[in-house]
Structures are given as structure tokens and as C-alpha cells.
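Feature annotations, reproduced from TrEMBL:
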- 1-105: region 'Disordered' (REGION)
- 8-19: compositional bias 'Basic and acidic residues' (COMPBIAS)
- 20-33: compositional bias 'Basic residues' (COMPBIAS)
- 34-49: compositional bias 'Basic and acidic residues' (COMPBIAS)
- 50-67: compositional bias 'Basic residues' (COMPBIAS)
- 90-105: compositional bias 'Basic and acidic residues' (COMPBIAS)
Amino acid sequence: MKKKRKRKDTERMRKEQVGKKKKKKAMNKKTKTEKKQTKTKRKEEEERKTKKTTNKKKKTKKNKNNGKRKEEEGEEEEEGGRMKKRRKMKEQERKKKEENMKKTI
């Protein structure tokens, strides 16, 4: 018959005078009570998350001026903010170049 391997308890290993490596391992290892605590914490967090998602309701803000703005700006509203800025900058550069050309002539 095989002999069962003796497993020393981590708390005992921490207290006893053991080699440095074994003591380090024991210090890093979690005890049975710590493992149970982490499991219960995880379960509680999951329960909280599920409760939050079920109770949340989406709130929508009504913007009265939104339709008017779209009519005034036209196509520019469809593109993102960066594209608008780039387009404006390019137009300004073109205008400056044209003005400089007129001044030289």
C-alpha cells in the first residue's frame, strides 16, 4: 500500500522555523479560511452585479433644439467631430493660400 503524503498546514509552516524557500511559499499560500473568504466575496460581488443590471432603467434626455441644428448644418452632422475640424482647417488653409496668391499678383 502507498503511504499518504503528509501535508503540513500553511499556518503551521509560517510559524515553524523552516528553510527560507518553504517559508516564502507558505507566506504566499492562502490558508483554507482565506480561500473560503475569497469564494464568498466573489459570490457576493456576482450577486450585486446581477441585481444592479436587473434594476437599472435607461433614461433618455430630450433635446428640443436637436432637429433645428441638423437642418442648419446639413451633411456635416453625419460625420464625426474630428472630420469636421479637419475639413474646417483645410478650408482655412486654402483661403490663406488664395489670399497670399492674390497679394503677390
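Using N, Cα and C of the backbone, Cβ positions are placed for all residues, glycine too.
Here the compositional bias 'Basic and acidic residues' (90-105) is broken down by DSSP into helix, strand and coil counts: 15 helix, 0 strand, 1 coil. Long-range contacts of the compositional bias 'Basic and acidic residues' (34-49) within the same chain, counting only residues at least 6 positions beyond its ends with a Cβ under 8 Å from a Cβ of the stretch, are absent. Residue counts for the compositional bias 'Basic and acidic residues' (8-19) under DSSP, helix first, then strand, then coil, are 6 helix, 0 strand, 6 coil.
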